[in-house]
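Okay, so here's the structure we're looking at.
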Amino acid sequence: MAALGGDGLRLLSVSRPERQPESAALGGPGPGLCCWVSVFSCLSLACSYVGSLYVWKSELPRDHPAVIKRRFTSVLVVSSLSPLCVLLWRELTGIQPGTSLLTLMGFRLEGIFPAALLPLLLTMILFLGPLMQLSMDCPCDLADGLKVVLAPRSWARCLTDMRWLRNQVIAPLTEELVFRACMLPMLAPCTGLGPAVFTCPLFFGVAHFHHIFEQLRFRQSSVGSIFLSAGHLIGPVLCHSFCNYMGFPAVCAALEHPQRRPLLAGYALGVGLFLLLLQPLTDPKLYGSLPLCVLLERAGDSEAPLCS
């Protein structure tokens with residue numbers, strides 16, 4: 001489908017006059033207005049999520065347990081209410097998805113196992129170099145590492161660590177719910193499925209600029225290093241949590257590592273395999289039917305590339 005804006009959507013209607021968007025058939029607003037409603041809804045969600053973090057006035061840094069607990073409360077409230085924004089968008093645009101709201105947002109059992117495993121595997125392949133670096137610098141062997149990971153005491157310590165809960169549980173769940181599950185259905189009928197997948201991270205990235213000001217305020221890092229680490233991969237919750245755990249790859253440390261050559265080879269191999277496997281491992285056929293395709297058909301775009 002055409003990009004954002006009324007002109008492109010008018011061209012679409014001229015090239016395919018026999019198809020009318022459902023919003024027009026239902027007497028709702030025109031395509032151009034639907035796009036503005038979609039963008040405004042996404043901006044409202046992003047601003048509400050970030051704004052909820054600053055409801056509590058505090059001079060403490062963001063990693064202080066008291067600040068983290070308060071922000072847990074705020075983002076959980078906003079995330080719980082975010083599906084209402086999708087419902088309001090549906091009423092304003094007149095587009096009826098033809099499926100339940102939870103299914104449209106990605107809460108379904110069909111294809112759940114490949115959806116949980118394959119994207120995580122692909123992300124781990126991309127981080128092959130950093131994983132090699134982590135194993136080289138870790139003093140314990142694989143068996144000892146597995147014992148630590150599987151030990152109940154280790155999990156108990158993690159569950160009482162506010163920073164761990166934020167980075168590995170709360171942030172992936174709430175951010176994926178708001179910035180992917182809610183925004184993607186609203187953007188897809190306007191931009192098309194492919195552009196919507198790349199547009200959601202823009203809202204996600206802009207919403208994370210507040211971290212830059214916080215880190216500068218408490219002098220936690222330089223401007224250059226902040227911009228290098230401000231972004232994360234967007235994807236399923238498991239991938240998001242894994243990326244939060246790994247952080248930005250320490251390329252500079254790899255260049256100075258005693259085993260630099262095999263480590264850099266791992267970095268290159270990981271990126272190469274990621275690019276090679278990206279298309280086959282993200283083939284929609286592996287994950288069952290796509291509810292968003294039903295939404296696009298209702299919006300008048302039954303020939304979306306990812307749905308054909």
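Using N, Cα and C of the backbone, Cβ positions are placed for all residues, glycine too.
Note that TrEMBL annotation is computational and uncurated.
The transmembrane segment feature in TrEMBL is assigned to 36-56 (among others).
Long-range contacts of the transmembrane segment (68-89) within its own chain (CB-CB distance under 8 A, at least 6 residues past either end) are made by residues 37-38, 41, 44-45, 48-49, 52-53, 55-56, 58, 62, 101, 104-105, 162-163, 165-166, 170, 173-174, 177-178, 182, 185-186. Positions annotated as transmembrane segment by TrEMBL: 68-89 (among others).
Per TrEMBL, transmembrane segment is recorded for 109-128 (among others). For the transmembrane segment (109-128), same-chain residues at least 6 beyond its ends with a Cβ under 8 Å from one of its own Cβ atoms are 233, 235-236, 238-239, 242-243, 246, 249, 266-267, 269-271, 273-274, 277-278, 281-282, 286-289.
Residues or ranges marked as domain 'CAAX prenyl protease 2/Lysostaphin resistance protein A-like' by TrEMBL: 164-246.
Summarising the annotation, TrEMBL assigns transmembrane segment to 193-213 (among others).
Under the heading transmembrane segment, TrEMBL lists 262-281 (among others). Residues 118-119, 121-122, 125-133, 136, 249, 251, 254-255 of the same chain, all 6+ positions outside the transmembrane segment (262-281), place their C-beta atoms under 8 angstroms from a C-beta of that stretch.
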